[in-house]
Amino acid sequence: MKPFNRVCVIGAGAWGTALAGVAARAGRKVTLYARDAAVAAQISATRDNPRLPGIPLDRGIVVTHDIAAASSADIVIIAVPAQHSRAAVAALAAHLSPGTPVIASAKGVEHGTRRFMTEVIEEAAPHAVPAILSGPSFADDVARGLPTAVTLAAKDEALAVALVHALGSAAFRPYHTTDVRGVEIGGAAKNVLAIAAGIVVGKQLGASALAALTTRGFSELVRLGCACGGRSETLAGLSGLGDLILTCSSPQSRNFSLGIALGRGEPAPRDKLSEGAHTAPALLELAAAHDVEMPVAQAVAAILAGRSTIDGAIDNLLTRPFRGEG
Ligand SMILES: NC(=O)C1=CN([C@@H]2O[C@H](COP(=O)(O)OP(=O)(O)OC[C@H]3O[C@@H](n4cnc5c(N)ncnc54)[C@H](O)[C@@H]3O)[C@@H](O)[C@H]2O)C=CC1
Ligand SMILES: O=C(CO)COP(=O)(O)O
């Protein structure tokens, strides 16, 4: 396999900027693409992204507004919100050399189509080779170079290993797998479940309730993941259980914070992306299509859509029939 040297990251938000830093730290030549020319110019001039305030951009990273810069990339990383990934990949497709690995890093399921992020890449850039990176990793931690471990999946194991070597470093440790579906379902489901965990905290239901909710949420994630073809060891790994633990326990998470605000009866935090809120309906459609029960995710979707009050949803969950664990 040819060595990967040039990396182009699409999306100059918090995660794209953090991943550009990861690639630069791993010794790669990095271009960070911002859709908005003014944003590209500002980040390039100040070497600071307001989404990651106070964390200087690595000196070697070139910031551009020119999508054609992707044409020289050996690896492309898509770091835009899940519902925008198709548009970002479509705009990129004509500039990619055939066979270029395109790594999805959004955590969600597409509305309407119920497609996972690698499926979106397959459809929008059929000549690219999709991969997915996911796991417990806050952009702020990663950009600061704090120790992080994630999962990186590609159908071809040799490619997954090569991508790990191209992006990994002491502080950023990707583990490779060929279980693409298992990795992407963990990231998508945990965001929805983290909103429920936040509600538990916002409603002050106690630490025991939070542990119960997180664990029963994990059962849902595993049920859906296995039904969609993911492997149980992946779902119990960094991109499933690992990310669920992180996001269901830290106010640094935007999904958890949304839940806390909802539980307290406060307005949702402004200008903060909550992928779980966007993914909840599509996740439930997937669950229904596979005949999988997801009561916690269902409660989140019902609350967000205004079909249920928080108290009503909690009552529903607490009065479900007793059953065997599993
Ligand atoms: N922030 C974090 O800690 C982490 C985020 N993620 C995932 O990464 C994804 C992006 O999240 P953030 O970077 O945090 O969001 P963000 O809101 O900070 O940034 C999103 C960026 O995408 C850009 N964008 C939107 N549509 C685009 C398009 N069509 N072409 C090019 N750029 C476009 C926006 O201009 C914005 O700069 C989400 O799916 C999130 O779940 C994953 C791991 C960690
Ligand atoms: O995915 C993340 C950490 O792994 C980031 O979580 P939030 O999107 O909830 O902030």
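Backbone N, Cα and C atoms are what each Cβ position is placed from, and that goes for glycine too.
Automated prediction, rather than curation, is the source of TrEMBL annotations.
Of all the Cβ atoms in the protein chains shown, 16 others lie within 10 Å of the Cβ of ARG35 (NADPH binding site). Positions annotated as NADPH binding site by TrEMBL: TRP15, ARG35, LYS107, ALA139, ARG254, LEU273, GLU275.
Annotation source TrEMBL lists substrate binding site at LYS107, ARG254, ASN255. Around LYS107 (NADPH binding site), the same-chain residues six or more apart in sequence whose CB sits under 8 Å from its CB are ALA82, SER134, GLY187, ALA188, LYS190, ASN191, ASP243, GLU275, THR279, listed in sequence order.
Annotated sn-glycerol 3-phosphate binding site per TrEMBL: LYS107, GLY135, SER137, LYS190, ASP243, SER253, ARG254, ASN255, in sequence order. Counting only residues at least six positions away in the same chain, the Cβ atoms of THR148, ALA149, VAL150, THR151, PRO174, GLY187, LEU238, SER239, GLY242, ASP243 sit under 8 Å from the Cβ of GLY135 (sn-glycerol 3-phosphate binding site).
If you look up TrEMBL, you'll see LYS190 marked as active site, proton acceptor. When secondary structure is read from DSSP and collapsed to three states, LYS190 (sn-glycerol 3-phosphate binding site) falls in the helix class.
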Cβ-Cβ neighbours of LEU273 (NADPH binding site) (radius 10 Å): 20
Annotated binding-site residues TRP15, ARG35, ALA139, SER253, ARG254, ASN255, filtered by Cβ under 6 Å to ligand 2: SER253, ARG254, ASN255
In three-state DSSP terms, the structure that ASN255 (substrate binding site) belongs to: helix
Residues that sit under 8 angstroms from TRP15 (NADPH binding site) by C-beta distance, when 6+ apart in the chain: ALA79, SER105, ALA139
Spatial separation of ARG35 (NADPH binding site) from SER253 (sn-glycerol 3-phosphate binding site) - C-alpha basis, Å: 25
Of LYS190, ARG254, LEU273, binding-site residues neighbouring ligand 1, Cβ under 6 A: LEU273
Whole-number Å value for how far ARG35 (NADPH binding site) lies from SER137 (sn-glycerol 3-phosphate binding site) (Cα to Cα): 24
